[in-house]
């Protein structure tokens, strides 16, 4: 009996030693396959590594570096193991399928890969980001005005890091919107109009030789009998910039640019009045034949603008509500962000006007 017990204890000891050794070896293997050197042993990772080298996560004044695992592998037990298991597909694609073994293939799959990572981070409330960054540790008052606004908004709205910080360590995918959306907008242009109707250009248009009218501008039809409707454009002139008509005094949302003939043809509807900054404004209007098709409902143009926002802007950050900024602030903000996308000038102009017409200081949303 004693012999059997000793044999049993011996087997138990061997099992403990083998199990413990196996556990330690597994831990060692998991740790070793999580370091940056292992990640870079795959040829396909050389491209994202070069992108990462140009970011503050690689080099900064604090001397703190975020390695691959810091961003891509959660620290907690099961999430950690699941991440390691899912990463096995990368080894398969590297050595078997060759899915991203060239620059062209990598770019073709960049959006798919990026969206996979964004989805994982969203699902974990950006857990790997929060292992270094937390709202509790932030001195928000010392941040830039824009960062303060966005971080306060994120805290109140329950947003997570990846909502706004896409493309923080690697280039974001270059997303383009299908041309069908623009063609559909053109197909919805009003085919007939009546006197008193309101119509809205969906692209830069002309009122004869008098003015160039911007997308979204409200035009009132005063004579629909001819081939080209005669429209009324109403706005505000600013002293020193008389060749532009704006939406309202003090609000620099340009409705149209006037030619010399257009300035002469203006009907002035009031005296010059100063705004709070001393700029002089007066009401004015212009009538003429609209030479281009227009929409009968401006909401169609704004729906197109929202698609532009979802396609080009949401790839880098969470949607920013139009009423987050003022009508005068939006142009420079949209221009700065739009420069990082592949939007055309016309697309950026439409999106900017959508933001302006629905800005926080526009009392009646357009």
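Placed from the backbone N, Cα and C atoms, the Cβ positions cover glycine too.
Features reported for this protein in Swiss-Prot:
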TOPO_DOM  1-6  topological domain 'Cytoplasmic'
TRANSMEM  7-27  transmembrane segment
TOPO_DOM  28-366  topological domain 'Periplasmic'
BINDING   39, 42, 43  heme 1 binding site
BINDING   68, 71, 72  heme 2 binding site
BINDING   129, 132, 133  heme 3 binding site
BINDING   161, 164, 165  heme 4 binding site
BINDING   313, 316, 317  heme 5 binding site
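Recorded features from Swiss-Prot, shown on the structure.
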residue : record              : CB count, 10 Å
39      : heme 1 binding site : 18
68      : heme 2 binding site : 19
71      : heme 2 binding site : 19
72      : heme 2 binding site : 17
129     : heme 3 binding site : 19
133     : heme 3 binding site : 12
161     : heme 4 binding site : 18
165     : heme 4 binding site : 17
313     : heme 5 binding site : 20
316     : heme 5 binding site : 16
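Scoring each of the binding-site residues (42, 132) by how many neighbouring Cβ atoms lie within 10 Å, the top position goes to 42. In this structure, the CA atom of residue 161 (heme 4 binding site) is 7 Å away from the CA atom of residue 129 (heme 3 binding site). Residue 129 (heme 3 binding site) has 72 as its nearest neighbour among the binding-site residues 39, 42, 43, 72, going by CA to CA distance. Taking the mean position of the Cβ atoms of 161, 164, 165 as the heme 4 site, the remaining same-chain residues with a Cβ inside 8 Å of that point are 126, 129, 154, 160, 162, 163, 166, 168, 317, 318. In the three-state DSSP scheme, residue 132 (heme 3 binding site) is classed as coil.
Of the listed binding-site residues, namely 43, 317, the sparsest Cβ surroundings within 10 Å are found at 43. Mapped onto three states, the DSSP output places residue 39 (heme 1 binding site) in helix. Excluding 129, 132, 133, which define the heme 3 site, the same chain contributes 126, 128, 130, 131, 134, 161 within 8 Å (Cβ to the Cβ centroid), listed in sequence order. Distance from the CA of residue 71 (heme 2 binding site) to the CA of residue 39 (heme 1 binding site) is 13 Å. Other C-beta atoms found within 10 angstroms of the C-beta of residue 164 (heme 4 binding site) number 18, with every protein chain shown included. In this structure, the C-alpha atom of residue 72 (heme 2 binding site) lies 23 angstrom from that of residue 313 (heme 5 binding site).
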